[in-house]
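Student: The following feature annotations were taken from TrEMBL:
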- CYS35, CYS40, CYS46, SER275: [4Fe-4S] cluster 1 binding site (BINDING)
- 47-264: domain 'Radical SAM core' (DOMAIN)
- CYS61, CYS65, CYS68: [4Fe-4S] cluster 2 binding site (BINDING)
Amino acid sequence: MPFDLPVQFFQQIPDSILLEKRKTLFSKYNINTVCSSARCPNLSRCLKDNTATFLILGDICTRKCLFCAVDKGAPDELDDNEALNIALAIESMGLAYAVITSVTRDDLLDYGCSQFIKVLRSIRSLGKDTKIELLIPDFSGSFDALHKIVYEKPDCLAHNLEMVKRLYPELRRDSSFYDRSLAVLRSIKALDPAMPVKSGIMLGLGEKKDEVIKVLRDLKSVDCDIITLGQYLSPSKRHFPVKRFLDREEFIEYRNIALDLGFKAVLSGPLVRSSYKAEETYRRLKGFK
Ligand code: SF4
């Protein structure tokens, strides 16, 4: 079955068949996706919408965030064919919009920046006008790495704050820092004011309402355009537990607060993840049909 078919086609096919097709394709190209690595609850929807978020730089992270389902430890060698394989998979799937993200690679000299660029260029070399959203790590605060990424002009550049500032030391174990991540977002707009910038946080980790509003204000202060807010779900009993399930009204309230603050697009709801409706949101922002 070819993958370059309209989205309506995929709506009619059972999830199990789509999942099997996708597994076969991704295994052929040795590809990791966040969809499976982070055990995303929206897998079914993404299969139907024919979207996926590609995870590059391997599937093992050098950091040890307590909320994250990605495996941690010593990463494998970089895959020299990764950029080409992702481009070929995107071509096979007929994707108009691709989200590329990665594990954090503090072990690499450039923190994985050059691999992001290789993947982006490889997709663009197909000449299909696939829009590319890069969801980047903090590159350990390297301005040089960030500058190189912005210079490549991805169609949207995202970096997640993930949570309120107070919870960073406990959940990110002093390897990621709120202020550094905020500085990444600030620098993107400083380097390219026209770049659509996106960030996201999870809720239900023990944060208070005024802390969430502070994050929204901080993101607005660095000119972030798009914000996602979703319910945290604990990947397993070994991970940080959910402190609270927010009700829908609370998500609506945060959405309204964010819109009042002036964000151009706000996605807020229990199942929202950073790549949720990424293409639709981007197209709305840019005024595309
Ligand atoms: S740095 Fe990112 S990928 Fe790595 S453990 Fe933390 S949240 Fe997961």
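Each Cβ is built from the backbone N, Cα and C atoms, and glycine gets one as well.
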Student: Measure from the Cα of CYS68 ([4Fe-4S] cluster 2 binding site) to the Cα of every one of the binding-site residues CYS40, CYS46, SER275, then give the nearest.
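Tutor: Closest recorded candidate to CYS68 ([4Fe-4S] cluster 2 binding site) by Cα: CYS40.
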Student: Checking the binding-site residues CYS40, CYS46, CYS61, CYS68, SER275: which ones have Cβ within under 6 Å of ligand 1?
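Tutor: Those binding-site residues that pass the cut-off, since their Cβ is under 6 Å from ligand 1, are CYS61, CYS68.
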Student: Write out, in the order they occur in the sequence, the residues of the chain not among CYS61, CYS65, CYS68 that have a C-beta within 8 Å of the mean position of the C-beta atoms of the recorded [4Fe-4S] cluster 2 site.
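Tutor: Not counting the recorded site residues, we get ARG63, LYS64, PHE67, ALA69, VAL70, LYS72, VAL103, THR104.
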Student: Taking the binding-site residues one at a time (CYS61, CYS65, CYS68), which has its Cβ surrounded by the most other Cβ atoms within 10 Å?
Tutor: CYS61
Student: C-alpha of CYS40 ([4Fe-4S] cluster 1 binding site) to C-alpha of CYS65 ([4Fe-4S] cluster 2 binding site): distance in Å?
Tutor: 17
Student: Report, as a single number, how many Cβ atoms besides its own are within 10 Å of the Cβ of SER275 ([4Fe-4S] cluster 1 binding site).
Tutor: 26
